[in-house]
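Novice: Input: one structure, supplied below.
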Amino acid sequence: LSFFQAPSLSAIYICLPPSAGCHGRHTYSLSPIGPGRVGRFDTLPYLVNSICLCLYPSLYLFSQVNDSSPKTVLSQLCELLAARPLQGLVYEEERPPRTAWGPLAPMLEFVSAQTGLPIVAVGGGAGLGRMPQESGSIFLQFSSSTTLQLEVIFEVLEEYDWTAFSVVSTRHHGYQDFLSVVEGLTDGSFIGWEKKSVVILNVTDDPGGARTRRLLKENEAQVRLLYCSQEEAELVFRAAWAAGQAGASHMWFAVGPALSGLGTENLPRALFAVRPQGWRDEPRRRIARGVSVLTHGAVATRKDYGTTGGPNFVTNCMTDANQTQRLRGRMSNITLGGRDYSFNSDGYLSNPFLDVISWTPGRGWEDVGWWENGVLRLRYPAWSRYGPFLKPPDDAQHLRVVTLEERPFVIVELADAASGTCIRDSVPCRRPLNASAIHEGVAPMKQCCKGFCIDILKRLAKIVGFTYDLYLVTNGKHGKKIDGVWNGMIGEVVYKRADMAIGSLTINEERSEVVDFSVPFVETGISVMVSRSNGTVSPSAFLEPYSPAVWVMMFVMCLTVVAVTVFIFEFFSPVGYNRSLKTGKKAGGSTFTIGKSVWLLWAIVFNNSVPVENPRGTTSKIMVLIWAFFAVIFLASYTANLAAFMIQEEYIDTVSGLSDKKFQHPEEQYPPLKFGTVPNGSTEKNIRSNYPDMHQYMGKYNQRGVEDAILNLKTGKLDAFIYDAAVLNYMARKDEGCKVMTIGSGKVFATTGYGIALHKNSRWKRPLDLALLQLVGDDEIEMLERLWLSGICHNDKIEVMSSKLDIDNMAGVFYMLLVAMGLSLLVFAWEHLVYWKLRHCMATSSGKLDFLLAISRVSVFDNMIGTKMLMCLTACVCPYLLLSVSVRKCEVWGQFNSTQSIREIN
């Protein structure tokens, strides 16, 4: 094995003869050949893991070269290959070569491809700005590629919604590939990256740095991606400080240079980089890992040969393709110390572990995050609101924005579990901890905010041109003055803990005295939400197609009058019942009474196929036909309107305003109306100021939030909920099952609007007002309202659907049937009472019974010996109804002069 270190280039090669035996583990002190330092690699056998590495002092060489030019390095390699057979080489770049010479990585890869010598690069920026590997090369790198570094950096930018950036690059080797990767990552992304500019510097041809300073100062972006060599980075940062572009107001993300070798005086105050794990390790530990990788590959390859011998040593440029392919395959699946050190086809680690590092003045380089298996995780608290690290990009253009969670205006969610970042359309937002929690080292939970107000904030930031740090209010809600002290979002602005407050913040007179509000961007007010009942069907629903007057006219007057009319026509008809008796026709023939007349007309109305006796008179028949036509019209109209009255009817209580009797005197209703609101808001303030009695009554029904109020409305614990109209309308539209609604189709009382709260006389008020008016004019606000405030439930929506009639729909008909059965039982009992108890009190009549017999039916039955009996059921019950006919007994025998047998008289 051989080891090279540049610029003080040293070489160590250790040969493993196939016949060498293992007698234990050894540690060695390597003495330098020529001037230089002493290198101890005591940890080499430890990191080889379980493999016994036998090192023989007579088979190693350590040399040091102070010149890292490609020519010198290549000459040294040739001398090593010619002097000793090698099985591998470890390359560690402590400091990159000069920019004019270019990186050493392409040259080493060429050597590996031509000789088949495995080379492991364990440090430096060897993996940057390279083309795909040549065929036959076994050039492996612990460093990360330019593409991967940029992917991690863009994830950091996305995490904090820093979408506007610029690219600053020199003409360092591979800068065109760097620009192409940036273009590919931003053009195909849905994040909405805004690349302000691309600045190409030529620091070598600008000795005084005047042109470099001018280009950096003209760059408006506060986030900058830098690609250059380490030598050029020193010059760029020196010019950035001179141009005022390296303070806390600008962030630099460095890609490429080995920043660990830079001085500490000229580094920007906000500098980031992505480095492979172990970038802090001493060179000997990195070299040890490289030796372990080569050793595992060599031992695994030797096992493939078995007793036939091991692989050939590299002594010339004649590459054995089979041996190279076999060795490359063995090095593609290596695990050391529980970590995966497998390499892909491009020579990079398949599963790299990268550190996100930042430079902090006074504290040096710090790890602020890590990236593994495609997931970025950042350490908290490490950002601007929770420590000295990473001050805002520009204090003059950076705002501290406070908000409050309230759907759909601000929706708070945890960061994506897979990536640990905020997904599309959401921005990071913090929930500050109290002093004791910060002292105990508790980190704030990573959260993301989205919603209607967040989208407006993002658009305002882009139009006006400011950056922001968003956090959630913890002291109260929207803002209320208690004992002369404001809390909530208004308190954050009043006491200048925040520059701006955005959310469902209602503009009112009291708040306007302490803060400035922007123009309203949402119209709102006070509304009332109630539970939407399933509806009820009145027991008398089957009677509601007609008014009570119509039913009385139909069955009390019309039916009775027509029945009497038909009977009279039939009674006095020449062919009718009475005239037939007078002419002496045969008794017991067809008779037509008032009861039969009523029964006939009733059957015609309801179209029942029951036995009826039709009248014989022509006039009576015409009257019955007219009644039949009337019945058709009556039934058709009833049937047409019946379905509309058999559906379930929703009872929705309406109010005229907060001064309505239902709110001002709830005890007068039974049961008393239960209503409340969310305290510490503008709604409660309005009620407390204008309706103190109402405010006192509703205090026991106040809710912690809108979600709790909706749940209590559905369970019946609350009858009405008074709150902000915009929020209630949204919650009603989005409610599952559409079980709640706002009364009056979203009727609004005390109309006002939502605004952005700012400091008194803030310089941001006019720009924000103009930007909001621009959003309104461009229909951006309307588009956002359709996106966030719409829903599937509508108060005034009438749904037409077919469904089966339930028992609730037909309950009234069943009730009528039960009442009819009860009345039938009463009639049945009365009938038995009359027959068994009162028939003996009936007297014979001294008058004529013609009219009586037409009203009441009398039956005469023949017995076996010819005795004839006549039974009268009602004559003695109501004698005053018989038109002054006196009846003393129930017998009417002998009243007729006919000599014929009387079988039945009606």
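Every residue, even glycine, has its Cβ placed from backbone N, Cα and C.
On a predicted model such as this, the values are computed, not experimentally measured, just so you know.
The annotation domain 'Ionotropic glutamate receptor C-terminal' is assigned in TrEMBL to 432-791. Per TrEMBL, the feature L-glutamate binding site maps to Thr506, Arg511, Ser682, Thr683, Asp724. Among the features that TrEMBL reports, site 'Interaction with the cone snail toxin Con-ikot-ikot' is placed at Arg688. Taken from TrEMBL, the feature disulfide bond applies to Cys738-Cys793.
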Novice: Could you check which of the recorded positions Arg688, Cys738, Cys793 is the closest Cα neighbour of Asp724 (L-glutamate binding site)?
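Specialist: Checked the recorded positions Arg688, Cys738, Cys793; minimum Cα distance to Asp724 (L-glutamate binding site) goes to Arg688.
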Novice: Rounded to a whole number, how many Å is the Cα of Arg511 (L-glutamate binding site) away from the Cα of Arg688 (site 'Interaction with the cone snail toxin Con-ikot-ikot')?
Specialist: 15
Novice: Other than Thr506, Arg511, Ser682, Thr683, Asp724, which residues of the chain come within 8 Å of the L-glutamate site, judged by Cβ distance to the Cβ centroid of those residues?
Specialist: His478, Leu505, Ile507, Asn508, Thr524, Gly681, Lys685, Asn686, Thr752
Novice: Can you tell me the three-state DSSP label for Thr683 (L-glutamate binding site)?
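Specialist: Assignment for Thr683 (L-glutamate binding site) reads helix.
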Novice: Given Thr506 (L-glutamate binding site) and Cys738 (disulfide bond), what distance in Å do their CA atoms have, once rounded to a whole number?
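Specialist: Cys738 (disulfide bond) has its Cα 26 Å from the Cα of Thr506 (L-glutamate binding site).
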Novice: Measure from the CA atom of Thr683 (L-glutamate binding site) to the CA atom of Cys738 (disulfide bond) and give the result in Å, rounded to a whole number.
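Specialist: Per the Cα atoms, Cys738 (disulfide bond) and Thr683 (L-glutamate binding site) stand 24 Å apart.
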Novice: If I take the alpha carbons of Thr683 (L-glutamate binding site) and Cys793 (disulfide bond), what is the distance between them in whole Å?
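Specialist: Per the Cα atoms, Thr683 (L-glutamate binding site) and Cys793 (disulfide bond) stand 24 Å apart.
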Novice: Give me the Cα-Cα distance between Cys793 (disulfide bond) and Arg688 (site 'Interaction with the cone snail toxin Con-ikot-ikot'), rounded to a whole Å.
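Specialist: Distance (Cα to Cα, whole Å): 32 Å.
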Novice: Taking only the Cα atoms, work out how far Ser682 (L-glutamate binding site) lies from Arg688 (site 'Interaction with the cone snail toxin Con-ikot-ikot'), in Å, as a whole number.
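Specialist: Here the two Cα atoms are 10 Å apart.
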Novice: May I ask you to report the DSSP-based helix, strand or coil state of Cys738 (disulfide bond)?
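Specialist: The residue in question, Cys738 (disulfide bond), is coil (DSSP, three-state).
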Novice: Among the recorded positions Arg511, Arg688, which residue has the largest number of other Cβ atoms within 10 Å of its own Cβ?
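Specialist: Max Cβ neighbours within 10 Å, all protein chains included: Arg511.
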Novice: Per DSSP, Arg511 (L-glutamate binding site) is which: helix, strand or coil?
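Specialist: Its secondary structure by DSSP: helix.
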Novice: According to DSSP, which kind of secondary structure is Arg688 (site 'Interaction with the cone snail toxin Con-ikot-ikot') found in, if we only use helix, strand and coil?
Specialist: helix
Novice: Enter the number of other CB atoms within 10 angstroms of the CB of Ser682 (L-glutamate binding site).
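Specialist: Total other Cβ atoms inside 10 Å, all chains included: 24.
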